[in-house]
Amino acid sequence: MEFWQMTLSLVSYDLVNVKLDRQCVGGNVGFVQEEDSSKNRPISFCIQGCEPITRCGPVHVPPEHLHSCRNASNPHLMPSDMPQTGGPNFRIYVSALSSAQCDKSEASIGFAAHCQQESQTDRPIAGFINFCPRELLRKHAQTAELTYFVKHEMLHILGFSSSLYAFFRGPTGEPLTPRQLFPPNPNLGWFDQSRGVYKWSEGVIKLVVRNWTSSCGVFPKVAHLLRTPTVLRVAREYFDCPSLEGVELEDHHLPGVSLSHWETRLLGNDLMTPTYTNAFALSKLTLALMEDTGWYLANYSSADDLPWGFGRGCLFATGSCFQFMSEQTKQRQSTAPFCYDSQLTRPASPVHVSCLPGGSSFGYCNLVRHRETLPPEYTYFASPNPFKTSFSLASASGLLSAPGEGGDCNLGGKVEMANFCPFVQEITWELQQGSVSRSSICTEPLNTFSSVAENYNLEIYGRHARCFSTSLNWRLTENETVFHPPVIGAACFEFCLRV
């Protein structure tokens, strides 16, 4: 919480010592105008009375955090419910309780959401984070992943959520999505009524249909572009694409994933893509989105560099990875962050690796053969050697060939949420199931080898370390004994810049 207090400050401090409304019997809520009409704020009340217990997620909210029960006979605020000086302007409830949502995914660390919004500004004023006990017990020592989870979920609670886009406000506090007169809910209808998600205006998110090229042809692809003013300005500068219409949101159709994250293909290891990486980064783009909620001012000095798609241009930001890799190959330019150099054509050991964009870590190209044929729009290797890759189809003894095609329709990136685009993926080594030994992040001192005898590449990990390419012929010898490193192609070393 301290990190977010330093990174995001409230635009308005009108509301202090936050109290929550009680939940209503049967969910039947009514509204009246506040007695002080100058505030133009609706007050909710419970038509059939209040529930004895109010929950924020799975947590019972303490009575002292609640307003008095407002019902049909007395729907107005009591004196004790009026804003007071001092006290919190946001409440977060943390729990570790088993639930059906935990049972849906055995690998889920937990889940989170906002509970209530302030009636005048729509800002979330309370939320919860629930850890799934089984997974928490398994990963209690994995501080990097737990830190990522908490930071990631806090941003969902504070504003980066499809359930909150319709409530975003402009610089002067005006709603960006039209409202009903009373109560002032968004009036464009429902986007997903079952999840309580209102439709938003095109000033927030615009739906477009783009041409998506794969090795099988050109296909229509629906994209939701987040296009609020600060996001648009920062994104155009980040991608080096002055004509960019907006930034794609994740299109993978999983509840809680679709439209509530950045598109993985475009922003890779950003904190707010749906896939966890050890080297996660809080980008200026994510802070720009939080600022465009209208509720916060962002401290951009807290942002991390995000080399993933930096300066890669309009084709990267709007086209398919197949288009981008094809064009970069024609121009004899790097295809990073995407790749096509598969471990499939090599012996299982050693593992061939390369540096990730920015040099903070190294990884392997996650190009794999899937059991099922990939959808044609996500098939990038149906034609033989489409990118003039470093491997030879002929020398692979048919490994990369498909009957009648000379290509492979099962070959693609390992991560579905990246539209099966292959990219260099960092490495995590595990001692036992769920017990992480070390990762390939160069700047993490804990990745230093525990035994000198295991350090075949003479690597150094720490604050000043970076990834460098190494010779594929690297060998370590002692007397007449030759040691072959299990990982070749890149490694972590400290560097010194001399001027």
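Here, residue 1 is simply the first one shown, and the rest follow in order.
Every residue, even glycine, has its Cβ placed from backbone N, Cα and C.
For His152, His156, His261, the entry in TrEMBL reads Zn(2+) binding site. Annotation comment: TrEMBL describes Glu153 as active site.
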Taking the binding-site residues one at a time (His152, His156, His261), which has its Cβ surrounded by the most other Cβ atoms within 10 Å? His261
Non-local Cβ contacts of Glu153 (active site) (under 8 Å, 6 or more apart, same chain)? Gly110, Phe111, Ala112, Ile129
Setting His152, His156, His261 aside, what same-chain residues sit with their Cβ within 8 Å of the center of the Cβ atoms that define the Zn(2+) site, listed in sequence order? Glu153, Leu155, Phe160, Ser161, Ser260, Leu271, Met272, Pro274
